[in-house]
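Starting off with a structure, shown below.
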Amino acid sequence: MNLSKISGIGFVGLGAMGLPMAGHLATKLPGQIKLFVYDINQASVDQILTDHPERVVKCTSAKNVADKSSIILTMLPEGKHVRSVYMDGGADTICASDVSGKLLIDCSTIDTASSVAVKKYIQTKSPTTSFYDAPVSGGVVGAQKGMIAFFLGCDGNDPNLPFLTQLLKFMGKDIIPCGGLSKGLAAKLSNNYLSGIIAIAVSEAMDMGMRSGLDPRVLAKVFAAGTAQNTICDRFCPVPGVYAEAPSSKGYTNGFKVQLMRKDFSLALEMAKRVGSRNVLGDAGLATYDGASNDPRCKDLDSRVVFRYLGGNEDWKKEADDSTAKTLE
Ligand code: NAD
């Protein structure tokens, strides 16, 4: 494919991630290309139409998007939504359109079984259509800044890779081919399992150190210099007030919602079970994210709110300042 020969690109699913991603396409695509969009939520469609009136065209269904576009991207919540937008939704689906020779890219984080089922359905219906899983990492802020990473379900020799890289770079910075169909999703779920476990481990280690009288800023320095060094502690520290830019220091806002971590963690465990991978931390991790997702003190907040859920002391700084003031009196 060649961008100079394309007249329409489609985008279905304009939520927290999809809206800024589509916004980057609207801003950066070459002039002649129109962006055909659809979402069941009219407010998001209105938002992108207002922001990019010259570029964006509103569609009436996913099929309508597919009718007008050579490339269609989707960014939907779960496997059931992806199945319904591509194949299970009757006359309004992407596959109800003639998608021969088109490029379909699903960026949602879903179960690998749904992604493979969609790919097989497409292949049976139209062998010349290409379908890729391309889940992302980097969160809403990364999507807004155009800095997300894409984990692509294709191998390094795929003839579409150079074009996919060119296209996805409008929305992100790292495009990593993961080796074949559904391997982008397998990589994403493995990544989120690890990152979720690390966030719990950092919260617990911080809590035991703080209860032993240590300042969490000192603990963070120790972890960074020692064998425990990790990005969650360095840049997303679950303890408020250690790293100013972390969601925890902003009331656990503007991060990766704990319910999304619960969803990804559960998908990762399903995958592990299916492929026969033994994980001793999985059940405890899932129970923690399940509990935090249902806890009114944590729901809708950044997933590193597990520090709060596990009983960590968020007022440590005020308590330390008060005690210094008392000593000086
Ligand atoms: P979201 O719920 O904000 O957005 C999903 C959008 O899909 C909504 O606008 C919704 O109206 C739309 N939608 C649902 N069903 C539809 C249908 N049948 N037809 C058309 N539109 C439909 O979710 P999000 O936060 O944007 O996440 C999307 C995906 O990206 C999820 O799989 C999520 O796990 C993943 N993800 C999210 C983040 C994050 O920080 N939010 C980070 C990385 C990956």
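Keep in mind that glycine also has a Cβ here, set from the backbone N, Cα and C atoms.
Annotation comment: TrEMBL describes Lys188 as active site. What TrEMBL lists as domain '6-phosphogluconate dehydrogenase NADP-binding' is 9-178. Under the heading domain '3-hydroxyisobutyrate dehydrogenase-like NAD-binding', TrEMBL lists 183-295. For 6-26, the entry in TrEMBL reads transmembrane segment.
How buried are these features, and what lies next to them?
Packing around Lys188 (active site) is summarised by its Cβ count: 26 other Cβ atoms lie within 10 angstroms of its Cβ, all protein chains included.
Summarised as a single figure, the pLDDT of the domain '3-hydroxyisobutyrate dehydrogenase-like NAD-binding' (183-295) averages 96.
Residues 32-39, 41, 44-45, 47-48, 51-52, 55-56, 59, 62, 65-66, 68-77, 81, 85, 94, 107-108, 136, 140, 143-144, 146, 148, 170-171 of the same chain, all 6+ positions outside the transmembrane segment (6-26), place their C-beta atoms under 8 angstroms from a C-beta of that stretch.
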